[in-house]
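Have a look at the structure below, then the notes.
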Amino acid sequence: MPLSLGAEMWGPEAWLRLLFLASFTGQYSAGELETSDVVTVVLGQDAKLPCFYRGDPDEQVGQVAWARVDPNEGIRELALLHSKYGLHVNPAYEDRVEQPPPPRDPLDGSVLLRNAVQADEGEYECRVSTFPAGSFQARMRLRVLVPPLPSLNPGPPLEEGQGLTLAASCTAEGSPAPSVTWDTEVKGTQSSRSFTHPRSAAVTSEFHLVPSRSMNGQPLTCVVSHPGLLQDRRITHTLQVAFLAEASVRGLEDQNLWQVGREGATLKCLSEGQPPPKYNWTRLDGPLPSGVRVKGDTLGFPPLTTEHSGVYVCHVSNELSSRDSQVTVEVLDPEDPGKQVDLVSASVIIVGVIAALLFCLLVVVVVLMSRYHRRKAQQMTQKYEEELTLTRENSIRRLHSHHSDPRSQPEESVGLRAEGHPDSLKDNSSCSVMSEEPEGRSYSTLTTVREIETQTELLSPGSGRTEEDDDQDEGIKQAMNHFVQENGTLRAKPTGNGIYINGRGHLV
């Protein structure tokens with residue numbers, strides 16, 4: 001009766017403490033506990049704390065006591081698993097600690113910690129009491145991962161022409177600290193900074209760029225990596241760069257189509273911008289003609305008349321800037337010859353210009369060719385004169401050699417020494433010239449040249465020259481003025497003052 005009374009007086013917590021203290025007594029044996037050094041769980045998931053005793057087959061596990069080891073508070077009871085009385089849990093962990101679902105091994109002392117939170121991180125101890133081996137204990141660390149929840153914040157409005165500007169920033173906080181990067185084809189720079197908290201760390205990454213219209217509409221993606229995530233988290237931001245392109249007008253590519261009576265003529269204003277631009281059409285020299293319709297960027301005309309001629313202005317604007325583009329429309333009247341395009345005249349002018357260019361080119365070619373041939377002729381003439389001079393000098397030397405040797409003088413030359421009868425010689429030469437045939441003159445001249453060449457070869461090159469020889473050379477030079485060289489022979493120049501000596505045709 002007193003034992004039962006005492007049992008009634010003790011509450012469940014007292015029995016838990018008693019059993020937990022009893023689990024720390026025993027003796028050492030050869031069995032071992034199978035546990036993990038670190039148990040990792042994601043925030044909100046269930047954490048399994050493993051503790052399995054592996055010993056002899058005849059050994060029995062009496063109880064398994066779980067406690068949390070706190071550096072500040074010491075050992076704090078968590079739960080007690082008894083082979084006979086079942087599981088007893090500390091009221092602080094009521095409904096959070098339980099056994100794994102069946103089937104369960106009697107040697108398995110593992111427990112489940114439901115809905116793990118960051119406060120559950122820490123060191124846990126498992127102590128197993130066996131019979132007859134005694135008690136065994138092991139410690140493990142519970143790590144709770146806190147996945148980050150990234151957020152992306154766009155920077156200030158981007159405008160074309162700005163310098164380096166913040167495009168967006170991405171922040172992620174978790175435990176441990178997450179990794180934040182950027183995925184984009186846009187050229188820019190990124191920088192990161194981190195902040196540490198008691199149970200987590202926050203990382204913020206910023207992306208800077210120089211805005212341009214090519215970046216408008218491009219994706220900028222923040223990528224967050226963390227061990228608590230099954231895959232990277234991505235947040236995409238579409239860049240919006242404010243710009244306004246230059247304006248232009250299309251529709252006047254062929255001015256000849258703008259004639260009186262044409263229907264469906266339009267002018268279209270072309271431009272791009274962010275935000276999308278607005279269009280406005282005006283006429284520079286007055287209001288828009290009646291019947292002209294404005295529909296956004298397009299200006300539509302009724303059947304054309306000469307009144308539609310004028311200067312039209314397209315005005316493009318958005319919140320950033322404005323642009324203008326103007327064109328001149330001239331509506332042609334086919335019945336007015338003054339305004340028709342004279343294609344024939346234009347063709348004639350073009351042909352005339354081409355012909356003039358070709359003529360100028362031909363003149364240049366002719367002048368260049370004439371100068372070239374003139375220069376070549378001068379060179380040939382100069383060369384010919386040099387050769388002729390050399391030939392004359394050789395002939396003079398041969399004649400001199402022929403007359404200086406008295407043994408080589410023919411008998412027919414005796415008549416030349418009769419200095420007292422010049423008149424008779426002159427008369428005879430005149431008669432002889434009139435009576436001789438051309439063939440005789442050619443033969444006699446060739447004979448004389450051959451005789452001179454033969455006698456020149458017989459002379460000694462080392463013979464000295466006297467003053468008398470020089471006088472004779474001068475006379476021979478004067479006599480050679482009456483000869484002409486043709487085809488390697490000397491021919492007498494046709495003159496009435498020539499002296500014919502003998503019948504062999506020697507002219508002096």
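Every residue gets a Cβ built from N, Cα and C, even glycine.
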C126 has a disulfide partner in Swiss-Prot; which of C51, C170 is it?
C51
From the list C170, C269, Swiss-Prot names as the disulphide partner of C222 the residue C170
From N280, N428, the annotation N-linked glycosylation site in Swiss-Prot is attached to N280
Within the predicted model, mean pLDDT of the domain 'Ig-like C2-type 2' (247-330)
92
As a quick check of your reading of DSSP, tell me how many residues in the domain 'Ig-like C2-type 2' (247-330) are helical, how many are strand and how many are coil.
6 helix, 39 strand, 39 coil
